[in-house]
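Per TrEMBL, these features apply:
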type	residues	note
DOMAIN	68-518	domain 'Cation/H+ exchanger transmembrane'
REGION	671-693	region 'Disordered'
SIGNAL	1-33	signal peptide
TRANSMEM	57-75	transmembrane segment
TRANSMEM	87-104	transmembrane segment
TRANSMEM	166-183	transmembrane segment
TRANSMEM	195-215	transmembrane segment
TRANSMEM	310-332	transmembrane segment
TRANSMEM	352-376	transmembrane segment
TRANSMEM	397-418	transmembrane segment
TRANSMEM	424-443	transmembrane segment
TRANSMEM	489-510	transmembrane segment
Amino acid sequence: MGSTCEMNAAMCVWRRLPLFVLASSLCLYLSRAEDSGMENIVTEKKAEESHRQDSADLLIFIMLLTLTILTIWLFKHRRFRFLHETGLAMIYGLLVGVVLRYAIHVPSNMNNVTLSCNVNASPATLLMNVSGKFYEYTLKGPIGANAVNDIQDNEMLRKVTFDPEVFFNILLPPIIFHAGYSLKRRHFFRNLGSILVYAFVGTVVSCFIIGLLMYGCVTLMKQIGQLYGDFFFTDCLFFGAIVSATDPVTVLAIFNELHVDSDLYALLFGESVLNDAVAVVLSSSIVAYQPEGDNSHTFEAMAMLKSFGIFLGVFSGSFALGMATGVVTALVTKFTKLRDLPLLETALFFLMSWSTFLLAEACGFTGVVAVLFCGMTQAHYTFNNLSPESQDRTKQLFELLNFLAENFIFSYMGLTLFTFQNHVFNPIFIVGAFLAVFLGRAANIYPLSFLLNLGRKNKITPNLQHMMMFAGLRGAMTFALSIRDTASYARQMMFSTTLLVVFFTVWICGGGTTQMLSCQNIRVGVDADQDNFIGPDGVERSSTKHESAWPFRIWYNFDHNYLKPFLTHSGPPLTATLPTCCGPLARCLTSPQAYENEEQLKDDDSDLILNDGDITLTYGDITVSTDATGAHTSGTAVGGVAVNSDEALDRELAFGDHELVIRGTRLVLPMDDSEPPLPLDSHRNRHKYETMS
């Protein structure tokens with residue numbers, strides 16, 4: 001009987017066991033679901049808080065730009081020139097940085113922070129197993145031992161610190177492209193030889209002068225125990241390369257407003273445009289310097305030659321890629337009817353131009369060089385194929401993007417002085433850097449100007465040299481190159497010092513531009529479309545001629561006869577310039593608009609080759625031609641005595657209109673008749689009256 005009861009009880013327990021297990025499993029599942037739901041809620045709250053924080057950070061920069069624009073208007077309205085818009089942006093950035101660093105504190109919460117996880121390295125990505133779930137953590141950067149308890153404040157400061165790639169891939173392309181797209185080709189190509197010497201030879205000289213001086217400074221710091229990390233000679237050369245990139249945006253803006261000497265403007269602008277490109281390639285070549293063996297910082301001739309080869313290869317490859325993208329865009333806009341849809345045409349132009357930078361970076365070249373020469377090519381060829389609406393849109397679009405990007409970068413510079421977590425300020429290094437930058441700029445300008453003046457008819461006078469020396473400001477490119485890598489002690493010291501160099505040059509040199517112009521007696525109010533020269537008697541005269549280098553005259557002839565007709569609707573039709581055997585190909589590549597424009601001169605560079613033997617100037621009954629050497633020959637069309645005198649030519653051209661005859665194409669150029677004509681000598685007047693009678 002007892003055994004039967006025990007058996008019944010056991011069977012009852014076994015019957016209830018599955019129900020118990022099921023209930024337990026259900027409770028466990030509901031508990032986990034509840035935990036998972038709570039986890040999702042917490043995650044969503046964190047995501048929402050992060051979103052709000054990101055919006056507030058972007059709003060800070062938008063407000064900075066808004067405040068800068070309003071202050072710019074006030075300065076322009078009051079005609080204040082002692083501080084440029086970029087200097088204002090930096091001041092506002094500094095003020096906001098001070099507030100973020102010292103006035104705003106987030107309450108510390110160390111409950112969710114683990115400080116006892118020890119690893120032997122700092123991997124970029126860390127996977128952690130927490131109760132069977134894997135979590136991915138991304139490395140944000142080192143934190144000082146004294147800042148461990150201020151993690152929330154550090155997180156807030158990191159939020160307003162952008163990834164350096166944002167500068168290179170988003171903010172720099174429109175600035176560099178606008179420099180090439182808005183280039184005044186007339187004055188640029190007229191001074192092309194001097195600009196190339198300053199940009200290439202001068203930048204390399206400046207880089208090595210600064211590098212050598214800074215190496216001596218670093219050696220001194222090591223001797224007195226002020227150097228707390230590795231700092232090699234290649235690091236000094238890298239610093240020399242990045243601070244050799246000039247960005248005289250403040251000076252050029254004042255030059256443009258005051259209409260200073262056109263050659264001075266062209267030399268400074270052209271040097272800064274190409275100088276940035278050279279500095280980028282030069283810095284990457286220095287980084288690529290890798291001698292064989294364990295010590296990667298010793299001098300080795302083969303490694304140096306390899307770096308030089310990398311410099312040439314990267315620069316030429318980037319140049320070719322930028323030109324190729326511009327040529328492709330020109331052909332697409334020429335042989336399609338995109339001009340009928342200006343919105344699509346502008347969109348294609350914008351995307352092709354921006355993609356040049358990214359394509360070059362993806363291929364291992366330098367996007368700065370590529371997008372610069374792409375901008376020049378687009379302005380020279382593609383611009384002629386665009387509809388009038390697209391021409392206005394593209395110019396205004398890139399001008400706007402350049403303005404916003406440039407002021408954003410300068411605002412961020414001021415902000416970074418207080419929000420960057422790893423500044424290394426060393427007084428000896430800072431003083432040495434200022435001295436080296438000054439001497440490097442002097443070694444660039446004065447010796448090269450002396451050598452250039454040996455072959456220039458239009459000399460670079462000492463006052464212009466002093467102005468170029470003073471105008472060697474550092475700006476967006478120097479900052480972008482220095483912030484791209486701040487992982488090591490040497491790079492952190494470079495970045496901190498670079499900020500101070502930029503601040504000083506923008507505020508002091510940029511703010512003193514007007515006073516420097518007055519001190520050096522440099523002409524202002526000059527019409528950029530009219531050339532001026534000083535006559536033998538010391539009197540300034542106006543002229544419509546200017547010497548052009550023979551390589552450019554050869555290039556112009558080739559471009560005018562073949563490239564422009566092939567890539568645009570401008571210039572003579574290819575059927576008139578190519579040999580007869582190429583007739584079918586010429587007819588295929590010549591657009592109908594080219595035949596319509598055959599009798600029109602649509603070349604912006606035609607005034608650059610006034611020494612070409614094919615050019616004839618006709619004024620009234622006077623015909624003036626130039627031979628291959630640039631000598632002028634003038635005479636009467638009805639008969640009489642020919643006159644060979646530059647002064648007489650200038651006096652004749654000072655009267656009303658004259659005609660420019662180039663290869664059978666006639667264009668009437670109105671002369672500025674605001675100035676009264678110079679009186680002719682009595683012999684010349686008597687000869688003219690006799691001829692007319």
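Cβ atoms here come from the backbone N, Cα and C positions, even for glycine.
Ranked by Cβ pairs under 8 Å to the transmembrane segment (489-510), the stretches 87-104, 166-183, 195-215 are led by 87-104.
Sequence-distant neighbours of the transmembrane segment (310-332) (same chain, 6+ residues past either end, Cβ-Cβ under 8 Å): 277-278, 281-282, 284-285, 288, 338, 348-349, 352-353, 355-356, 359-360, 363-378, 381-382, 385, 567-568.
Away from its own ends, the transmembrane segment (166-183) comes close to residues 269-270, 272-273, 276-277, 353-354, 357-358, 361, 367-368, 371-376, 378-379, 394-395, 398-399, 401-402, 405-406, 408-409, 476-477, 479-480, 483-484 of its chain (Cβ-Cβ under 8 Å, at least six residues beyond either end).
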